[in-house]
C-alpha cells in the first residue's frame, strides 16, 4: 500500500519577482488552464525568462507537470533550473538511461545480426526510478523528460501493486520479506551493497531502494514481527532516523505477478507456434528454427528468473494488451489532470512524430527474419495521435512555434521583454556584391572593441573557403562543422569567448550551447536562398544569437528579400520596438549578459582547489596517459552528476567516449 500525499503545494523559491511582460504572460496562462483551455502557446523571445514563467505557472495551478525537451542536454539544464526554483518539491529527471546504445538489428544484404549492446548510466537509472515512485507517492511532482517518455515502460498498475509496504509491528517473517524482495527483482548481495540490492545479517535486513544513491533502510525483526525501521547511510551504516512506513518500489519498471506471468508465457508460446508454422509454410526453415530457439530460451528464463534480456519485447503479453494497442509509458504514471509543457516545441513535436516510424522499420526486419515475434512490434514509442490522447492540458513553449502547434490552438501568449533590458538586434540587408570586403570591415570593427562575430554559410565548401580567405586577411577565425567532436566543439566555443580568436564560421550555429554573450555581430550569407536554414524560423533563431549582447547587430547578405526574410525581419523589428518602448518607460539601460566561462576541457587537479590545469592536447598523449586522463574525466563526470549538473556530465561523458576511441 502506498501512502500518497495529495495535498502538497508547489513552493517557488527565487530572489526575482516577475518583471517585464512576465506577469501578464503568467496570468494569461494560469487563467486559461483554470478555465479548461486544452492547448496554448507561450511564444517567448530568446532570453526572456520562459523557464521562470513556466515555474510561476506550475506553482499557481498546482498540478503534477511533465516538461518535455528535445534532447538530454536541454532536459538537464531545465532540470537544474526547476530544482533551484522548487527545492521543497519533487523535481525529477527522466531521459534514456543509456550512455551507449546499439539497438538489436539485422542487415539481410550481409546476413549480419547485430545484438543489442548498451551501457546503462546508473545515476540516470536511479533518477528514472525516483520519477516513477514520486508520481505514485505525491502530487507536487515536476518531471523533466526527453522524448524517452513516449517509449514503453511497463504497467503502472503492476508497478504499484508490486510495492512492498513495511511498518513497525507488522507481522511478516524475515524469509517472507526476502522472497517479496526477490519477486520485485531485488538482488541479494551481502558484500557489495548497491541500488536494487539487499543484505541480511541475522534478524536484520538492509534494503537499498532503486531510487536512492546514498540512503538505505534497516529493517529489524523480533521473531515474525518488524520491531523497527531505520534510515541509514548506505556507506557507513550511520543511523539517520526511524521511519513509520517504508514503501519499497520494484527494481525494474517491467513488473508482472506469477499469475499474469503464466498467462503471458502461454500467449508467447502460442504466438511462437503460429510464427513457426508460418515460416515453415513459406519454406523459411532457418527462420523457423531461429525463432523457436530464441523464444524457448526466453520463456525458460522468464519461468525461472521472472526476467530475460529483451523482456520489453514481450511487453504486450505481459501487460495483457491487444495487438496494436499502445504501450504503457511514463505518461500513464501521471494522474488524469496533469499538465504538459513542451520546451522548444518546434523541435520537440517533430521528434515525437518521427520516433514511431524509425523504430517500426528496424523491428519489422527482426520479425521477418525470425529474430523476434511479431508482438515485439508493440514494444514501441507512441504515435503522435496516441501521445495526444494523453494530453489533458498542454503549453507549447518556443520562440518560433511550428505549424503543428499553431494548428492546435489560436491561444498565443507572447513574452518579449527581457529582464536584462536587452533588445532584439537590429537587422539589415546588404547586397552580395563586395560582401567579403564589407564583412571584413565589420569583423575588424568588432574585434577592435573586443567583440566576437558569428558567420553562417549554407555549404561546407563555402565555410572552408571563407575561413581560408579571412585567415589570409589576418583575421583570427575558426570553422565549426558537424564532423567536429564534442572535445573540439567545447574547446572552440570556450576559445571564442576567451578571445583566442574573433570569428566563428558555421553552417548551423543554432545548436544548444552556442549562446555566446560576447557575440555582437551575426552575418548570414546567402540569406535569400530559401530552405531549412533560411526559412522564417531558422532565420529568427539565427538572429537570436546576437540577442545576448547590448550591441547586437545582424547583417543579411542577399540580392532579393524573400518572404521568409521579410517575415523574420518584421517580427524582429516588432519585438525590438516593444522592448525599446518598455525600456524607455521604465528607465532601463540594456546590459550585456554576464556569463561565466566554464572550463569543460581542462582536467582539474586532484585537490580541493578549483584551479584548472592548462588545456591538454589529447592527441599528443601516450596510451597510458590517455587512460589516466579517462579516469580523471570519469571522476569529474560522477562529481558533476552528483551535483545534478547533467549538462556538464553529458559533455564529459562524450569526451571519455572520444578518448576511448583513440586507442
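From the backbone N, Cα and C atoms, a Cβ is placed for every residue, glycine too.
Pulled from Swiss-Prot, these are the features on record:
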| type | residues | note |
| --- | --- | --- |
| BINDING | 44, 45, 46, 47, 48, 49, 50, 51 | ATP binding site |
| DOMAIN | 31-188 | domain 'Helicase ATP-binding' |
| DOMAIN | 435-601 | domain 'Helicase C-terminal' |
| DOMAIN | 627-662 | domain 'UVR' |
| MOTIF | 97-120 | motif 'Beta-hairpin' |
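Fewest other C-beta atoms within 10 angstroms, among the binding-site residues 44, 47, 49, are seen around 47. Looking only at the motif 'Beta-hairpin' (97-120), the predicted model's pLDDT averages out at 72.
Local packing around the binding-site residues 46, 48, 51 was summarised as the count of other Cβ atoms within 10 Å of each Cβ; on this measure the leading residue is 48.
Around residue 45 (ATP binding site), the C-beta neighbours below 8 angstroms that are at least 6 residues distant in the chain are 399, 415, 416, 418, 424, 544, 547, 575.
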